[in-house]
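Enquirer: Below are the features I grabbed from TrEMBL:
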type	residues	note
SITE	R15	site 'Transition state stabilizer'
SITE	K22	site 'Transition state stabilizer'
SITE	R153	site 'Positions MEP for the nucleophilic attack'
SITE	K209	site 'Positions MEP for the nucleophilic attack'
Amino acid sequence: MQYKVVIPAAGSGKRMGAGMNKLFLKIGHQTIIEMTLSVFGRDKRCNEIILPINPDDRKLFESLPSIKEFKEKLTFVQGGAERQESVFNGVRAIDDKKSIVLVHDGARPFVTDKIISALLENSKSSDGVICAVPVKDTIKKIEQEVVAETIDRSTLWAVQTPQAFTQEVLIESHTLAEEKGFFGTDDASLLEWQGKQIKVVMGDYFNIKVTTKEDLIFAEAILQGRHE
Ligand code: C5P
C-alpha cells in the first residue's frame, strides 16, 4: 500500500532551549531530521514526503546529505506558527483525496517499519489510526501544586506519531478546526472532536519525541542499543 507522509519540521525548539530548530541537532553522526527522513526515504511504500518548514531554515535543510539523497520524493511547504497549521499546510499540498497520509513529527527519529505497517494495515477500518503505548507512571491531575485527582492508569496510553488518515478526512478536520478555533496537540484529536472513530495500534517505547535536553541522552542510548 502506497502512502504519503507529512513531517512537520517548522518548530522553534523552545523546550529544547538550543537556540535553534532542534531537528538540526545530532544523534550520533546524523541530525534528528535526517534520521526521521531516511526511514520514509528508504520505504518503497512512501511515494512523497512533504516537509513544512520555516523558510529561514530552508538553506540549512537543503544542505543536509539525506535531503539530497531523497530529493525526488521531497516537497517543501511553508510551516505555520503552530504544529497544527504546519500540518494543514502540508496536507493541502496533496491533491489526491484518497491518498493515505501519515503525519509524523520530525522530532521522532526512531519510528519503525513495524509501526508504519500496523498503521497502514488498519487504515481502512476507521477514520484514523494512531500508535500509542500504555503509560507506566501514575498520572495525577495537579492544580496549584496540589493533587486534584489520580486518574485510573489502566485506560491511559501515551500517544505517538505517525498517525494515518486519508487526505480527504485530514482536510475536512483541519478546515473545521481552523474555522471553529479548535486546537489539538495531535491530528487525531481534531477528528475525535468531530466524533470520528480512531483506531489504536501498539507504538514503541523507543519511538520517543526528542523534546527536552534529557531526550538527547535517551536518544543517544537508543541509537547505541540498535547498533549492539
Ligand atoms: O514541539 P514539538 O516537538 O511537540 O513539535 C512536534 C513537531 O512539530 C516537531 O517536529 C516540530 O518541528 C513541528 N512543528 C512545526 N511547526 C510548529 C511547531 C512545531 O512543524 N509551528
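Cβ coordinates are placed from backbone N, Cα and C, and glycine is handled just like the others.
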Enquirer: What three-state secondary structure does DSSP assign to R153 (site 'Positions MEP for the nucleophilic attack')?
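Expert: It is helical.
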Enquirer: Let's check the environment of R153 (site 'Positions MEP for the nucleophilic attack'): how many other CB atoms sit within 10 Å of its CB?
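Expert: So the number of other Cβ atoms within 10 Å of R153 (site 'Positions MEP for the nucleophilic attack') is 13.
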Enquirer: Sort out the sequence-distant neighbours of K22 (site 'Transition state stabilizer') for me: same chain, 6+ apart, CB within less than 8 Å of its CB, listed by position.
Expert: G11, G13, M16, I32, A107, V210, T211
Enquirer: Just the number: how many Å between the Cα atoms of R15 (site 'Transition state stabilizer') and K209 (site 'Positions MEP for the nucleophilic attack')?
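Expert: Taking the Cα atoms only, R15 (site 'Transition state stabilizer') lies 12 Å from K209 (site 'Positions MEP for the nucleophilic attack').
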Enquirer: I'd like to know which of these recorded sites, R15, K209, is least surrounded, judged by other CB atoms within 10 A.
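Expert: Across R15, K209, these recorded sites, the one with fewest Cβ atoms within 10 Å is R15.
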